[in-house]
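**Q** First the structure, which I've put down as structure tokens, then a few questions once you've had a look.
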């Protein structure tokens, strides 16, 4: 069972943003969300991940299998790279596989405090979290911000070979080409009409 | 036909608008009758003299100060359970009225206490409880004001109102434990059915209490209507921007 | 949940964690009091239990806004919310971690400061006991306040306004226990009330805090 999104409407601050979204993502595949800034990619991903309820429609995926990642990595500057990853692994009841350090080019940085890493290195650490938590359904919001071209390729390779190849799936909002050969979903046609139903403002209109 | 139909904002405004003049008219009439009767046509108390007459402001205000919080608690629960926007906005509308009632009770109490106890303020359990209630009102109102998103604000203030209610009751018992106090016993004990006030004082007092109750209802209706309109403006502006 | 507790404790003691600030604040407030009320030993001895309790309460208040604000800013909070940990558990652990890093040191330091205020010898045991039983409630109530105001840019001041009235019962019973101890009266009743408040707070407030967090993460 993969991710099934049926007839979902999402809202931000009381007004619907996207309406009537339906799609499925099978295990082992990824879906790339496209659309101009402000269309609602972040709101959609947060809704899919369960951080906010959809105004209408249903989102189904296997229980306790989702993970969310956004621009903010949840990295603690005072902890080392290893400690940061070990924390997230323990929270998810798993352990840190050694391959993660290679996949995200962190081998030489293991014992550095996260606060001393560069922006790109921090981003790689943030993405490495996805490799240690053992979650199948990933909702990624602009995962490649501040990564160089080489690291983007490395991340895409991890996603393809380590995650998707093992039956995981991912929904990714991104503006760049990851080279994943994944289907793309353009969100513009789903933009909610100004008088769309739903949202808490509706009662007052 | 269910009572929840009135939770629709438009229906609420349509129903409450014609009611408001009647409620407010009755409240003003009751206040005039009750206060004039109480101030000029009741005998002086044999111990407290004419200072006792402040009771016609003090007791009804204190009553409404507590009832306003109770109404906010009920409205908050309705919002959390049934998500009726009018309920949340009514709770928001009631808070400033409650805070004013608390202030009236505290100020008239001070004015009454000065000649009776020889002090404007004593850390008496009842006085202290009302001071704490005043602080709870301030926090509640401040939280409403601080949050931009109306739904978030309604949710968080509702949670605060429920937790605050528990702590307010707890504070009342703590304060009683802490200091036994000067304040006289309750004037109208509901639980025992008896009363400690004589009939000549009691009838105008009841009129004043009813009038304060009506005043509260009328003000809440007016302020809720205002809140609904402000919320509607916000929704319309949001739609225009899209 | 143990992992979260371990991480929060590690963060508190490492550089920039602010561990010890609360203690220093506690010391300064207590030292300032004699400058305000005069050095007379009898006066200080009489007000010592109340001063120590109020100062401990303010010191605990000082670090409350760090409970969730840091995790909110760096994005940990939504990640925790989508992790297998229930948010109620997160709130409970956050409250416990705050107590271990502020309430516990304050409790241990309080008797030393009691000497500065010339506190009655009979009161020290009650001071230790009442703070040990009462400061956990302060941390949990503060966690609830922090959860309510986590999304606000300048939530610190507002949180103090929300949290301080909630502190009233704990303060009354806690200080009363020490007062009675100082006067040589039996103090078990207020002490039991403090313990009851603490248990009630840890039983119920994590749910309220988690509800507030969910709303703020929307």
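Heads up, the Cβ atoms here are built off N, Cα and C, so glycines get one too.
Quick paste from TrEMBL:
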DOMAIN    B:12-183  domain 'Cytochrome c assembly protein'
TRANSMEM  B:20-42  transmembrane segment
TRANSMEM  B:54-81  transmembrane segment
TRANSMEM  B:93-113  transmembrane segment
TRANSMEM  B:125-144  transmembrane segment
TRANSMEM  B:156-175  transmembrane segment
TRANSMEM  B:201-222  transmembrane segment
**Q** Would you confirm whether the transmembrane segment (B:156-175) and the transmembrane segment (B:54-81) meet the contact rule of 3 or more C-beta pairs below 8 angstroms, pairs 6 or more apart in sequence?
**A** yes
**Q** Determine whether the transmembrane segment (B:20-42) and the transmembrane segment (B:201-222) share at least three Cβ pairs under 8 Å, counting only pairs 6 or more apart in sequence.
**A** yes
**Q** Please determine whether the transmembrane segment (B:125-144) and the transmembrane segment (B:201-222) are in contact (criterion: at least three Cβ-Cβ distances under 8 Å, sequence separation 6 or more).
**A** no
**Q** Looking only at the domain 'Cytochrome c assembly protein' (B:12-183), what is the model's average confidence as pLDDT?
**A** 89
